[in-house]
Amino acid sequence: MAEPRTASPRRLPALRRPGFLPPLLPPPPPPLLLLLLLLPLPAPSLGLGHSAELAFSVEPNDDIANPGQPIVLGCKVEGTPPVQVSWRKNGAELPEGTHTTLLANGSLLIHHFRLEQGGSPSDEGDYECVAQNRFGLLVSRKARLQAATMSDFHVHPQAVTGEEGGVARFQCQIHGLPKPLITWEKNRVPIDTDDERYTLLPKGVLQITGLRAEDSGIFHCVASNIASVRVSHGARLTVSGSGSGTYKEPTILVGPENLTLTVHQTAVLECVATGNPRPIVSWSRLDGRPIGVEGIQVLGTGNLIISDVTVQHSGVYVCAANRPGTRVRRTAQGRLVVQAPAEFVQHPQSISRPAGTTAMFTCQAQGEPPPHVTWLKNGQVLGAGGHVRLKNNNSTLSISGVGPEDEAIYQCVAENIAGSSQASARLTVLWAEGLPGPPRNVRAVSVSSTEVRVSWSEPLAHTKEIIGYVLHIRKAADSPKLEYQEAVSKSTFQHLVRDLEPSTAYSFYIKAYTPRGASLASVPTLASTLGEAPVPPPLSVRLLGSSSLQLLWKPWPRLAQHNGGFKLFYRPVSATSFTGPILLPGTVSSYNLSQLDPSTVYEVKLLAYNQHGDGNATVRFVSLKGASERTALTPPCDCRKEDVTNHTSTTGIVIGIHIGVTCIIFCVLFLLFGQRGRVLLCKDVENQLSPPQGPRSQRDPGILALNGLSRGEGGQLSRDEKPVDAKELEQLFPTAGSAAQPGSTPTDPAAPAPCEETQLSMVQLQGFNLVAGRTTEATSPCAGPGPVPAPQDIGPVPLSEGQTQPPAVAAPQ
């Protein structure tokens, strides 16, 4: 167990090297000063400052306190009196009471810092100083007040055994607020900080180089801050005999850790190396940039110290341990990230603008990481909307059509993880003489569910210079930031506002504009659009399985505001009644139908409803055959040998192949040589030359939705099909002309086409295998006698080596 101990008044060193000053525990405040702080002073209201602009000359800072300790959060304001100062805690107004006192200069005194107990709230939190005068309101940066704490050790030092001349390292870790100061004791006595062999690092590390026998002992880690003092468990150091005669490769025992610091802090990159002979430790940056010399120091035998770090010090640092006189080296690396709090490169400037014009503030801040910029108007967060625009990552604030309601103090607040900063500016709206008054008699009348007609009368005075009107529109339930505008001609005194939402209340007001500025706004008027039943919702279908499907649509959350939702119906097309309605809320976007008949076509209806009734339905016809049937398309020419009795014999297979090839040749020759039409073909071949009538499930395995895209009852072709045309085939096969060659003898159109040996080439067309052929001198025994016209010269038939006949082509199965 860690042993609690009363804090000693001695100084506690952090870095034991020349050039490093040991930090001190904060001394108690002088009694006289403490007495003055505790004296209550009257609340400030007058004469805080005489600068024209309201601004903070002192802002509160973060602080850490012990319970019972008095705390003062500083705040000083300059500006045109009278100035009222108040405080906020965690965003809420902090009431005055006996526990806190507002001092004359605007600072806040907390008499006795307390934690939450017995129903009393804790004083921990974020505090803001608020200043206000007749020009506006200003809020300071946030100051965080925390209680001092000290945890138990979560890493205690461990026993170490080393050789004479070697290196020993102890480490302890503990958390606390403020960060604990770590010191070390040997055998209950503070270690000798004058011994250069002892190196103390502020993160709780003790390094001992050049070990000697007298270094043996028990070491303790001592952590202290304003909250407490704690002592770790003891760890024994045992130093054995010298091993200087044994060669050892250089080894890095501990390399640098990844560090994240804030600018102006001190970075300690540790590197402990051993070996025999003792290795030489050096440092470099991974990106090749020089480390530099200003603020750089090596502590002990290889620890790199960077004082007053900047963002430029960020990078990866490499520790190298080299064996003297050789290139043998070991390396370790760690990343240093330096963060910088937000600070302003460009402050917003106070401006004056005529009424009705545009005011613009620019605020640019830098920091690491890049800060986020927020705008405040009189202490309240200002968002984009209406006539307020934020551009360039919130660095530019634009206010169009400024009016008296826009006069305020605007603050730019830049904040990142390292800190925050604020700057302010004031907007003054100028009113020119002779501006028209506000438009009069503004009325709004509902015309339909999406339209409202707004009418008005021109102002009483100064109407000759009016160049137009601007109508401001927003939902009555929305913030003024969400309003939008529509411009109207100067000769028009009514305007039809379109594209509104049904059954919704809207607010309207209007301004008159002249070259010198805008008038005051008219009195706002309200009107509600008429109600109507919802429009049909878009509906799509997705297949889930052979007997289930999913219906999809877009949710309409607005339906819930008008006592509405969706109604779903479905039925087989052969049924007389629907299943349903299935009532669904407006936030639902899908519904699954299951246990359906795969062989049945279903009719599905979806409609939206509200307090005005049911809207029109969206209807879909859905078939599940695409999921239940995965069969190939029927071949276009399905000529079969009717008298084949043994389908499994080799002879039957060969005969079937020849018959199939012959029928395909007949089909192609008939299509290629149109003059040979009126060929007597078997009825099966003629039927198969027609476009297929069944659903093309093989091309589209999804749902077949029968919504005017599929084939009708009359046998018309679907959208993606077309009949086979002889002219189209001539374009596809230009070498196979339809006219007879010179010298050929015309054949009897009633005579059957000869069946000849061919060499085939397959071309895919509309789901059919079309065959283009070349005739040879030999005739097929299946055709009658008759001359065959020679085809166009398309060259000799190529034969492979050792081949005497054209290769056989497998018939489609």
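The backbone N, Cα and C atoms fix where each Cβ goes, glycine too.
In sequence order, PHE56, VAL58, GLU59, PRO60, VAL85, TRP87, ASN105, GLY106, SER107, LEU108, CYS129, ALA131, SER140 make up the list of same-chain residues 6 or more apart from CYS75 (disulfide bond) whose Cβ falls under 8 Å from its Cβ. Annotated disulfide bond per Swiss-Prot: CYS75-CYS129 (among others), in sequence order.
Annotated disulfide bond per Swiss-Prot: CYS172-CYS221 (among others), in sequence order, evidence recorded as sequence analysis. If you draw a 10 Å sphere around the CB of CYS221 (disulfide bond), it holds 28 other CB atoms from the protein chains shown.
The disulfide bond annotation in Swiss-Prot covers CYS271-CYS319 (among others). Counting only same-chain residues six or more apart in sequence, the Cβ atoms lying under 8 angstroms from the Cβ of CYS319 (disulfide bond) belong to ILE252, GLY255, PRO256, LEU269, CYS271, ALA273, VAL281, SER282, TRP283, GLY302, LEU304, THR331, ALA332, GLN333, GLY334.
Annotation for CYS363 (disulfide bond): spatial neighbours PHE344, GLN346, HIS347, PRO348, VAL373, TRP375, SER395, THR396, LEU397, CYS412, ALA414, ALA423, criterion Cβ-Cβ under 8 Å with sequence separation of six or more. What Swiss-Prot lists as disulfide bond is CYS363-CYS412 (among others), and the listing cites sequence analysis.
Taken from Swiss-Prot, the feature domain 'Ig-like C2-type 1' covers 49-151. DSSP assignment over the domain 'Ig-like C2-type 1' (49-151) gives 0 helix, 49 strand, 54 coil.
Marked as domain 'Ig-like C2-type 4' by Swiss-Prot: 341-428.
Taking DSSP states H, G and I as helix and E and B as strand, the domain 'Fibronectin type-III 2' (535-630) has 8 helix, 48 strand, 40 coil. Residues annotated as domain 'Fibronectin type-III 2' in Swiss-Prot, with sequence analysis given as evidence: 535-630.
The feature N-linked glycosylation site is assigned by Swiss-Prot to ASN105 (among others).
Sequence-distant neighbours of ASN258 (N-linked glycosylation site): residues of the same chain at least 6 apart with a C-beta under 8 Å from its C-beta are GLY334, ARG335, LEU336, VAL337. According to DSSP, ASN258 (N-linked glycosylation site) is assigned to coil rather than to any helix or strand. Marked as N-linked glycosylation site by Swiss-Prot: ASN258 (among others).
What Swiss-Prot records for ASN393 (among others) is N-linked glycosylation site, and it gives sequence analysis as the kind of evidence. Under DSSP, ASN393 (N-linked glycosylation site) is assigned to coil, being neither helix nor strand in the three-state scheme. Within 10 Å of the C-beta of ASN393 (N-linked glycosylation site) we count 11 further C-beta atoms, all protein chains included.
What Swiss-Prot lists as N-linked glycosylation site is ASN394 (among others).
The N-linked glycosylation site annotation in Swiss-Prot covers ASN592 (among others). The number of other CB atoms found within 10 A of the CB of ASN592 (N-linked glycosylation site), across every protein chain shown, is 10.
Residues annotated as N-linked glycosylation site in Swiss-Prot, with sequence analysis given as evidence: ASN616 (among others). Summarising the environment of ASN616 (N-linked glycosylation site), the number of other Cβ atoms within 10 Å of its Cβ, over all protein chains shown, is 13.
According to Swiss-Prot, the feature N-linked glycosylation site maps to ASN646 (among others), an assignment based on sequence analysis.
Among the features that Swiss-Prot reports, region 'Disordered' is placed at 1-21 (among others).
Here Swiss-Prot flags 689-724 (among others) as region 'Disordered'.
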Neighbour count (Cβ, 10 Å) for CYS129 (disulfide bond): 27
CYS172 (disulfide bond), number of other Cβ atoms within 10 Å: 28
For ASN394 (N-linked glycosylation site), nearby residues of its own chain (Cβ under 8 Å, 6 or more apart in sequence): HIS372, VAL373, THR374, TRP375
Count of other CB atoms lying within 10 Å of the CB belonging to CYS271 (disulfide bond): 27
ASN616 (N-linked glycosylation site) and CYS172 (disulfide bond), distance between Cα atoms, whole Å: 75
